[in-house]
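For reference, the structure is listed below as C-alpha cells.
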Amino acid sequence: MQVKLKVLLIGSGGRESAIAFYLRKSVLLSELKVFPGNGGFPDQELLPPDSFQVLDKNSVQSFLKQNPFDLIVVGPEDPLVAGFADWAAELNIPVFGPDSFCAQVEGSKDFAKSLMTEAKIPTAEYKTFSEYSDSLKYLESKSIPIVIKADGLAAGKGVTVATSKEMAQTALKEIFKDKKFGSSGNQVVIEEFMEGQEASIFAISDGDSYFLLPAAQDHKRAFDGDQGPNTGGMGAYCPAPVISESILQKVKEQIFDPMFDLFRKKGHPYRGLLYAGLMISPNGEPKVVEFNCRFGDPETQCVLAMLDGDLLELLYRASTGKIKGIQAAVKKGAAVVVVLAAQGYPDFYEKNIPLNLPETSGQNVHLFHAGTLKKDGKVFSSGGRILGIVAQGADLKSSVDQAYSFLEKIQAPKTFYRKDIGYRAL
C-alpha cells in the first residue's frame, strides 16, 4: 500500500497504549492523535481533553468535520455500542470497529445469546430475566455452580460465578435491588456453569472476509491460583496451547463463520474485531462464554507482540473492505503481559500512587501505561489497572521470567500483581 494515513485512536487503557506502539512502527502512518489517552502518551499525540464528548453524536461529528482523519481506531466498547462507527460512516471516515447494531453483541448479553441461538453457535444454556422475583424462582430449580451476568456493559465486572445458592441470591440482589451496575442490570442472564479452560480468539473482519489472530489465555481473577473476584484481566499469554489446530478449525466453522454470516444476513456486515471468549471442554469442544466487539484488554498487549507485520495496514484494510487473502504473520515463540494493579482493585482501590518507572531494558520488554496520568512531569496512578508489562521471547518461560524481573524494578507502593501468569502452559 502506498497511502499515508492520519489516524485517530480512541481510548485510554493499556490496550490503546499497545495499539499505538505498533501503529507508530507503520510506514503508512503520517500522524497519530489519541483521545483521551493516558500518562504514557507523548504530549504531541494527545488531543486537548475538551476536544469532544466521545458518546455524543453531534459533538463527535462537529469535531471530525473540522479535523478530518483517514482512519479512526476505537479501543473501548462504550463508543461502539453508542454508535461511534455509524457517526463516522455518515462522514465517510473509515473506522476500525463495528456499527452499533453489531456492537450490541457486547452491549447486551441477551442479544448475544439470542444471536448464538439463531446461528446454532455452541454456548451455555441460559435464561434472561427482567424481574428480581422471577430470577429467584428460577434459581431454586438450578444446580450450583451457576453463572449470573448483568445484561449490559459493566467493564468486565458484571459476572458472578456463584458456588452457592446464597452467593447467587446476593449477586441477583446487588444487580436488581442495589443497582450495582445501574441500567446495565435492568436485565440479568442466568446461565449454566461450563467446565474447562478459557481462551480468547480475535477475528479481524472487513464485513466479507476475516482472519484470526493467535489465541491468548487471560487471567480474570484478582489473585494467584485464580482466587478472588473477577477483574478486567490481570495478565495473559499468547499463544494458548489449549487451542490446538483441530480446535481452531472447530472455532472457525462452528463459531466465527456462522456469526459473521448471520450479521451479513441481518444487513450489518461486521467490520472490525470480534473477540470470542471461549470455554474449551475437557474433550476439546469449544463453547462461547461471551463475545466482545473490540480488542481484549490485557490480551491485546501480548497478541500484538506476536504479530510480525504492519498493524496499521491490517486495520486499514479491514476498515475499507480489503482483507481478502490476507493472513496475519506470526512470530515464533511466546509473549506474556502481567498487569500491575492498585491495592483494592477491582473494588475500592488506591489512586494517585506515585510511580517510579525504569527504562525498558531491552527490545523484548515493553511497559504499557493503562490507568496513569502525568502531573508536572511525574507519573501517578489514576485507575485500577495501572501498567502492563509485556515480554516476548523464544518460549513462554523466558518471556515470563523477563516480565517478572522487570516488574521487580518498578517502585510503586500500594500495588500488586499476580505471580502466576501463564501457569497453565508452563
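Going from the start of the chain as shown, residues are counted 1 onward.
Each residue, glycine too, has its Cβ placed from N, Cα and C.
Lifted from Swiss-Prot, the feature list:
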- 113-320: domain 'ATP-grasp' (DOMAIN)
- 139-200: ATP binding site (BINDING)
- Glu290, Asn292: Mg(2+) binding site (BINDING)
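Projection of Swiss-Prot feature records onto the structure.
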residue: Leu139; record: ATP binding site; Cβ contacts under 8 Å, 6 or more apart: Ile146, Lys165, Ala168, Gln169, Leu172, Ile190
residue: Val147; record: ATP binding site; Cβ contacts under 8 Å, 6 or more apart: Ala124, Val159, Thr160, Val161, Ala162, Ile190, Glu191, Glu192, Phe193
residue: Ala155; record: ATP binding site; Cβ contacts under 8 Å, 6 or more apart: Gly232
residue: Thr163; record: ATP binding site; Cβ contacts under 8 Å, 6 or more apart: Ile144, Pro145
residue: Ala171; record: ATP binding site; Cβ contacts under 8 Å, 6 or more apart: Ile148, Thr160, Ala162
residue: Lys179; record: ATP binding site; Cβ contacts under 8 Å, 6 or more apart: Gly185
residue: Gln187; record: ATP binding site; Cβ contacts under 8 Å, 6 or more apart: Ser108, Asp110, Thr128, Phe129, Ser130, Asp151, Gly152
residue: Glu195; record: ATP binding site; Cβ contacts under 8 Å, 6 or more apart: Met279, Ser281, Pro282
residue: Glu290; record: Mg(2+) binding site; Cβ contacts under 8 Å, 6 or more apart: Glu106, Lys109, Ala112, Gly277
residue: Asn292; record: Mg(2+) binding site; Cβ contacts under 8 Å, 6 or more apart: Glu77, Val105, Glu106, Leu274, Tyr275, Gly277
Q. Average pLDDT across the domain 'ATP-grasp' (113-320)?
A. 96
